[in-house]
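Feature annotation from TrEMBL assigns Zn(2+) binding site to Cys95, Cys98, Cys134, Cys137. Residues or ranges marked as Fe cation binding site by TrEMBL: Glu110.
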Amino acid sequence: MQQQAENLIKVLKSKGLRVTPQRFSVYANLLTRFDHPTADQILSDLNHQAPTSSQATVYSALQALREVGLVREVLLEEGVCRYDANVDRHHHFRCRCCGAIKDIPWDTFESVGLNRLPSGMQAESYEVTVHGICDRCQ
Ligand SMILES: [Zn+2]
Ligand SMILES: [Zn+2]
């Protein structure tokens, strides 16, 4: 754990971020989970361990981590912003029953024919969202 903490501090510093307890604990929390939590879910997790974080500090830590590319937003539901510490290209699966979101490896699908887009559309990025039912809900 000590080793992990040191690595984490190194990563934060390598991005030019000042390491604050909030940034550290928010990033550490995100790295241990794969459920794409909302800021509120991260907050309640952190406060469960030690009730010191506020919504504002969690949001600003997420903002800082996002700006340096360590964390990305995942917007799969209207008005709900989730966070992901997996910043490698990947797709998502979303269960329509329980709302669980899971990662799908990038190379799962053949490449998409972006060169066949209608004219006037210049593609910069894309990802696939698969909607369905997860194994727990089947
Ligand atoms: Zn489900
Ligand atoms: Zn993801």
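Every residue, even glycine, has its Cβ placed from backbone N, Cα and C.
The structure, with features from TrEMBL marked on it.
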residue: Cys95; record: Zn(2+) binding site; Cβ contacts under 8 Å, 6 or more apart: Ile101, Lys102, Gly132, Ile133, Cys134, Arg136, Cys137
residue: Cys98; record: Zn(2+) binding site; Cβ contacts under 8 Å, 6 or more apart: Cys134, Arg136, Cys137
residue: Glu110; record: Fe cation binding site; Cβ contacts under 8 Å, 6 or more apart: none
The one of Cys134, Cys137 whose CB sees the fewest other CB atoms within 10 Å, among these binding-site residues
Cys137
Checking the binding-site residues Cys95, Cys98, Glu110, Cys134, Cys137: which ones have Cβ within under 6 Å of ligand 1?
Cys95, Cys98, Cys134, Cys137
Once the DSSP letters are reduced so that anything not helix or strand counts as coil, what is Cys137 (Zn(2+) binding site)?
coil
Using the CB centroid of Cys95, Cys98, Cys134, Cys137 as the Zn(2+) site centre, which other residues of the same chain sit with their CB within 8 A?
Arg96, Cys97, Gly99, Ala100, Ile133, Asp135, Arg136, Gln138
